[in-house]
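J.: I have a structure I would like to understand better, so I am pasting it below and will then ask my questions one at a time.
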Amino acid sequence: MMPFCHNIINISCVKNNWSNDVRASLYSLMVLIILTTLVGNLIVIVSISHFKELHTPTNWLIHSMATVDFLPGCLVMPYSMVRSAEHCWYFGEVFCKIHTSTDIMLSSASIFHLSFISIDRYYAVCDPLRYKAKINILVICVMIFISWSVPAVFAFGMIFLELNFKGAEEIYYKHVHCRGGCSVFFSKISGVLTFMTSFYIPGSIMLCVYYRIYLIAKEQARLINDANQKLQIGLEMKNGISQSKERKAVKTLGIVMGVFLICWCPFFICTVMDPFLHYIIPPTLNDVLIWFGYLNSTFNPMVYAFFYPWFRKALKMMLFGKIFQKDSSRCKLFLELSS
């Protein structure tokens, strides 16, 4: 007999008939992803919060993004894990809307943060003399507010007003909606709107800004090289070191952006294309793409650990319990702060 998610069979979603071994493997993999996401981003949050040397405008923006990446491990992934492994939703229709809204909000907020970080890096590399005047703590607070509020209004407004399936109500209620399910469904209009708002527009801004930074940094490197060849070694070497550090930061954040695009691009492309293809993408594939997107929140701290020496030193201090020592917050994580 085919398993169902609800007692009333004629309105119930169909439960998958995977073996217990398959389910156990899926749960183990997803628990590992969740724990890695939580621990990695928590280390970033604690590091920036604890060490006073890291209290810079850019790092507070990174702190906020780490919080955005941390929250899916608490609020989204555990419930998505059950839905993916069982193909059933046991938490009620209201919580389904809350879960879906939170999921969309946090994924959108992550790329909003990356967009603002790219702008921050643009001024740090391309206009360093006026960087601290232009990107002060007030500007960072505005960036953080926009990065959280706009995705929240967009996601919760769309889901709770049921605008996500507006124009495709007949398809949704006849072929998708069932008791014990929590499918992420978009009509043609809402799919395009979500793609543009959460992915394409902010992603395009990032790509354009980083390309502009690359061109300017490349030109700066050429000028510094020419100046050094004219024996202006003292001052120019200092400027060269500073610009080298900025370019390294740009490269690191560019990799973070690239990881985001690689992780979320398949999901957003399917989201915008599926309604025009008459919803041919199976739910299982959609689940896989969603979890592939979640991996973005898992990978970001790994990028920090690989490229940021201050992150590795902070991690060592945490592992050995040194952050509990007196005045540990004033510990020097590096000799010279970058912007």
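Placed from the backbone N, Cα and C atoms, the Cβ positions cover glycine too.
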J.: Looking at Swiss-Prot, is L285 on the same side of the membrane as N20?
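T.: Topo match: yes.
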J.: Residues of the same chain, at least six outside the topological domain 'Extracellular' (81-98), with any C-beta under 8 angstroms of its C-beta?
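T.: Those are 5, 13-16, 18, 23, 26-27, 30-31, 34, 159-160, 180-182, 283, 287, 290-291, in sequence order.
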J.: According to DSSP, does C182 (disulfide bond) sit in a helix, a strand, or coil?
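T.: Once the DSSP labels are grouped into three classes, C182 (disulfide bond) ends up as coil.
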J.: Reported as an integer number of Å, what is the Cα distance between C13 (disulfide bond) and C178 (disulfide bond)?
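T.: Checking the Cα atoms of C13 (disulfide bond) and C178 (disulfide bond) gives a distance of 5 Å.
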J.: Have the transmembrane segment (288-308) and the transmembrane segment (60-80) got at least three CB pairs under 8 Å, pairs 6 or more apart in sequence?
T.: yes
